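Data first, discussion second: the structure below is written as structure tokens.
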């Protein structure tokens, strides 16, 4: 309880400091509201978006796209990673392709994504998928390769077959390493959510920011930006809680 109170106080001080510095920049720089909205006007913008239901509508759509893209990326990347981590020769052939494609920003594929999938939800989901896929794949392959050989020798002595070996021994042993990839992927995927929603989407937090910018409502632009930051933090915490829960189930913690 004491630790929770201390953490709450630290969060409060942190945001108070941010608002103070923000307001000081406006006063010292003598910025007009049109150039840099004040904390009060952004707060009012938040309230207006909440009251008319606009914020929740865009948040729901963004979360749907994120969960669809991120979830499908995790499933496919983990399954592939488990296979490639065990199949050394196959990974030796596949790795150069992965390493060439990995540094390419997902938005670079936007022209082809729109051409193949049209506009709407699909482009944003595909961009999120690409952003999450490579961190999870690489962390899974690395984690599988680093599994203690003692576990594998024990499984061999017990004559455990390959499917059981994969989900009963290798996956649990590799999960802490896979979890690192999940944390990295949730950040990169959430960052590219905004870019994805700027590609032909007519809804979502990314669209809210672009639409507000076009209408010169910069208080709403900042409200949208802060919404993305807060939700991203919450998603990362959710992944952390999931990791702890799995750790307790498998005896890590």
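Just so you know, the numbers here start at 1 and follow the chain as drawn.
Each residue, glycine too, has its Cβ placed from N, Cα and C.
Noted in TrEMBL for the protein shown:
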- 9-29: transmembrane segment (TRANSMEM)
- 59-239: domain 'ABC transmembrane type-1' (DOMAIN)
- 63-85: transmembrane segment (TRANSMEM)
- 97-119: transmembrane segment (TRANSMEM)
- 125-144: transmembrane segment (TRANSMEM)
- 165-195: transmembrane segment (TRANSMEM)
- 215-235: transmembrane segment (TRANSMEM)
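In summary, the transmembrane segment (165-195) lies against the transmembrane segment (97-119): three or more C-beta pairs, each 6 or more positions apart in sequence, are under 8 Å. Across the candidate stretches 9-29, 63-85, 125-144, 215-235, the maximum count of CB pairs under 8 A to the transmembrane segment (97-119) is reached by 125-144.
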